[in-house]
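If you scroll down you'll find the structure; I have some questions about it.
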Amino acid sequence: MQTLIQLGATALQIGAVYILFSLGLTLIFGVMRIVNFVHGHIFAVAALTVAYFLPSLVEGGLSAPIAYILASLAGIVAALGLGALIYLFGFRYFQRDLVGSFILSIGLVLLLDGVLLHVFGGAVRGVPEIFPGRVSIAGAQITVQRLFLCAVALVMAATLYWTLSHTKLGKALRAVSYDHEAAMMVGVPYSRIAFLGFMIASLLAAVAGVLLAPVTIVSPVIGTDYLIKGFIAVIIGGLGSVPGAILGSLFVASIETFGSYYLDSSYATLAIFGMVIIVLLFWPKGVLGRG
Amino acid sequence: MDKRINPGLFVLFAGGALLVSLLLQDFYLRSVLNLMAISALLASSLRFVMLMGELNFALAAFTGIGAYCAGYLNTALGVPFGVAVLSAGLVTALASAVFGAITLRAKGPYFLLIGFAFAEAVRVAYSKFDALGGTSGMIGIFPARALDDWMPFIVMSVVVLLLLAFYIAEHSDFGRILFAIRENEDVARSVGINTYLCKVVAISGACFAAGVAGGLHAFVNSVISPGDFSYLLAAFALAYVKVGGEDHFLGPIVGAILLVALSSYALGLGGDEHFLYGGAIIVAVLLMPKGVLGTLGKLRFLGNPFKRGVDANVH
């Protein structure tokens, strides 16, 4: 029982990151109908910036949490800058063009792989612990650092959900994802909404990056692993569906955690793929997918 | 569909390629030539599935299955080169038929992403089998000693044959069905075409070639490891298709020749392969949406054989 609770808690922690990741992917797909493979690199830029600045800020005499906040802001700004750049000079021309946008994003992935490796070097970086200590919840041990991660992910997901359902921007985003032509006809400025949707998604990835930097080893290729899991989560949940992304993320995280514990981490990866095949057999558009 | 290549031109190109493969003696240049031929085959396989409007990112997995099949047959069972490569193609075709039968119910982004996930899962799977060398891969995959000097010629002949098969298939009734599926699958189905079956057949045919390409890769390099068959393999093949021009049969071949030559040159300068391929793809999609051949066609260097007006974009 103790083990089960501990594993459940771990699954939730991993799931929280996947949720942030897959929400961005699903949002971009819903609004622009494109598959964004660069999402992992936006995440990586944020994580790398934190890992790059944090140690020197701490050495400069700042306390860890303050240094972390400063480095995180820098990371988020860098990631958003990159997101704006690739939207304005790339994806803007490939909206609703699945193959074209995918090819562009593969090109960007290869290019950014090279750039990140040059700028940050190939070495993995450790980040000092920001929030020391651990708490015990129902017998499961969780570090404060990871608890903080879960809380922020939860707040972000809730905020996105609230934004989509209650604000004017959210209504426009939903309208565009249902039928962008009808939305434009009733006066929704599609290109501006698409840009905002892309930036919100980039923000989600950036936040995931700065949250994850202190709890994992950061390297320029860190994004790909999360990208694969994020995509599998949205395939299972259904592309374009926000509840689907959350459901899929928790599902993938659970299989990964329990599979790694009872079998082996590489068998867990295979098990996740097996689950995708089974889901596709019954729901070719994902469990909560539409259109 | 109207863009047929002059048969004389085809014989000239193929004959020229075969002649070069016979005459070339320099060890390094021979390896570049082998790489070009195998890359052109992979890119053409990718493009063949693109004819029906789907991106087959599982290509990396199927190339790997072919390579591991040939490698295992050769090193563990002593199967000779020719039989091993042919078996690699057949096993891969079978595997891709099963994969296609399950996944081709999904379309567009789902099919693409599932292929990507499949490639990564298969890569993990190789490392779990001790018989396949685990994470370090397999070594010592050699053709018979007598064939050694003839390898570039053999590789080139196999590639030319398979490319010819792709060309014939594309310009047959089956090719027309694939175009119809890309333009509007529902309409194609409504006139009585079993589109699902056609898609499965198309992917297994394309992956037969990918399996053979993988088998050739194994024998040419003598060493294979799981890392050779990550999704990057499919990304590079996509770069060849895109840079050459996906609307024309020669596109992937031209793209492979250009980019492999360029990357061999860049590697000699200490450059980074990723930079090059990434940059080439971005430049191609932003500035030359129809690739090098499409741009040349616009300039009418080739008597404008690129007239077909069907838009390449799906969905």
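The first residue you see is number 1, and the count goes up from there.
From the backbone N, Cα and C atoms, a Cβ is placed for every residue, glycine too.
Take a look at what TrEMBL says about it:
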- A:12-30: transmembrane segment (TRANSMEM)
- A:37-54: transmembrane segment (TRANSMEM)
- A:66-90: transmembrane segment (TRANSMEM)
- A:102-124: transmembrane segment (TRANSMEM)
- A:144-164: transmembrane segment (TRANSMEM)
- A:193-218: transmembrane segment (TRANSMEM)
- A:230-253: transmembrane segment (TRANSMEM)
- A:265-283: transmembrane segment (TRANSMEM)
State, in range form, which of A:12-30, A:37-54, A:144-164, A:230-253, A:265-283 has the highest count of Cβ pairs under 8 Å to the transmembrane segment (A:193-218).
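Looking at each of A:12-30, A:37-54, A:144-164, A:230-253, A:265-283 in turn, the most contacts to the transmembrane segment (A:193-218) are made by A:37-54.
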Can you name the far-off residues of the same chain, 6+ from the ends of the transmembrane segment (A:37-54), with a Cβ under 8 Å from a Cβ of it?
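Counting only partners 6 or more residues beyond its ends, the transmembrane segment (A:37-54) has Cβ contacts under 8 Å with 21, 24-25, 28, 67-68, 70-72, 74-76, 78-79, 82-83, 86, 102, 105-106, 108-109, 112-113, 116, 120, 125-128, 201-202, 205-210, 212-214, 218, 220-224, 226-227, 230.
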Near the transmembrane segment (A:66-90), which same-chain residues lie under 8 Å Cβ to Cβ, leaving out any that are not at least 6 residues past its ends?
38, 41-43, 45-50, 53-54, 57-58, 60, 104, 108, 130, 195, 198-199, 201-203, 205-207, 209-210, 213-214
Which bits of the chain, at least 6 residues beyond where the transmembrane segment (A:144-164) starts or stops, bring a Cβ under 8 A of a Cβ in it?
12-13, 16-17, 19-20, 23, 27, 129-135, 170, 173-174, 200, 204, 207-208, 211-212, 214-215, 242, 246
In terms of Cβ proximity under 8 Å, which residues at least six beyond the ends of the transmembrane segment (A:102-124) contact it?
34-38, 40-41, 44-45, 48, 52, 86, 90-91, 94, 217-221
So if I exclude everything within five residues of the ends of the transmembrane segment (A:230-253), which remaining residues of that chain have a CB under 8 angstroms from its CBs? That is, six or more out.
11-12, 14-15, 18-19, 21-27, 29-30, 35, 39-40, 157, 160-161, 164, 177, 272-273, 275-276, 279-280, 283, 285-291
